[in-house]
Amino acid sequence: MELLKLGLVFVVILLLIKKKINLGVSMMIGSALMAFLFKMSVGETIKTFFITMVSTSTIQTALALMLIMMLEYIMRQKNMLEKMVLSLNHLIRDYRMVMPVPPMFMGLLPSAGGALFSASMVSNACGDHKMTAERKGVINFWFRHVWECVLPLYPSLIIASEVMGVPMNQFIKKTYPFTIMAVVLGIPYLLYEMKKENREAANLTQQTDTSETRNKNQDIKDLILGIFPILMILAAFFLLNLSLWFSLFLVILPMVFSMNLSMKEIPRFLQASVSYKIILILIGIMIFKDILEVSGAVNILVDQMVGWGISIVTLSILLPFAIGFFTGISQAFVAIAFPILIGMMPEVNLSLMALAHVSGFAGIMVSPMHLCLVLTADFFNAQMGKMIAMMFPALLMMIGAGWMLVQL
């Protein structure tokens, strides 16, 4: 009976997401329903909501997400990413090596619109070479997401770290091999039955730059300027062990000052750069995690799973994959699956959580609900089913590698 209550909560959340209700609002509604079903008092429920919203971890994570959105906005306004990709297109002469560059660089700053931006560059880089629409779509979609398991700017990693109560760099030490695998497994999409042909850089990028005066030094300069802010953030985070939000703040502050905003322009800048829907998602996720613990629901689920004999390893694969597939949102599989899996462990097992993360990643990569996949398939006029079929073997290998990591 108790398990049915928890199942009802998950069904309601998934239905709300399907109805295009904001994930954060869906999680809050699900949290309130769970509190009611598991007989938490109204006062205790409100108290848990409030404590979660004003907690240090929630505030710091929200700051990090806001700063990431500001960074992306500034870099777009200054055309830094576009210039960076353009420079690489000039410096690299093999079109097969050019194609993954735009999505990989756009993937450094996660946003759905980036998939559409890089798709036009992939199409341009391909030129007249015979390549199916599905293959071009997979190249754009796949290489855009290779950073999902390693880059601390991705909300799924930020939230996973908070949910587990583990420093993000410790978790990334377990997940970074999957990024290497993703790059390696993406190579056949570029090379299989495709002949090498050197092309002039101007032809590769005629849609984005018609200048004939660019030179190698300018290309190198634009490349360095484009990637410099991200490298500084990563250096502060990994080498100096600064918190993510503070690393972002140190890099973004001078960039904001360089925009010479007036006092009247600052509110417009914040409104244009920060998506408060993302902050709402974070708050909803953190509330759901805490209600799951305070209500005792997670303990009931753990006891039931143990009674059924379902291993934690099997659940670490199936649960995140299913949630990722049905929602197409990485934050969703972290928010729903991770608290449950953590509740089943005496202490957090980072290898198991890395398996859960890559399984959830595989789920969103084959999800028809994934906005990047939808945008890419639409741009190339590709059949989504064929794109998913092309990626599935590689994703299975990544899950298999995660399983082997747990066995070591």
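Note that Cβ sites are derived from N, Cα and C of the backbone, with glycine treated the same way.
Unlike curated entries, TrEMBL annotations are predicted automatically.
Taken from TrEMBL as is:
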type     : residues : note
TRANSMEM : 50-74    : transmembrane segment
TRANSMEM : 175-192  : transmembrane segment
TRANSMEM : 224-257  : transmembrane segment
TRANSMEM : 269-288  : transmembrane segment
TRANSMEM : 309-342  : transmembrane segment
TRANSMEM : 354-375  : transmembrane segment
TRANSMEM : 387-406  : transmembrane segment
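Most Cβ pairs under 8 Å with the transmembrane segment (387-406) belong to 354-375, among the candidate stretches 175-192, 224-257, 269-288, 354-375. Within the same chain, residues 60-61, 63-64, 67-68, 70-71, 74-75, 80-81, 83-85, 87, 105, 108-109, 152-153, 158, 168-169, 269 sit at least 6 positions outside the transmembrane segment (224-257) and bring their C-beta atoms closer than 8 Å to a C-beta of that stretch.
Residues 10, 13-14, 17, 23, 27, 148, 154-156, 159-160, 163-164, 281-282, 284-285, 288-289, 292-293, 298, 301-302, 348, 352-353, 355-357, 359-371, 373, 399, 402-403, 406 of the same chain lie 6+ residues outside the transmembrane segment (309-342) yet bring a C-beta within less than 8 angstroms of a C-beta in it.
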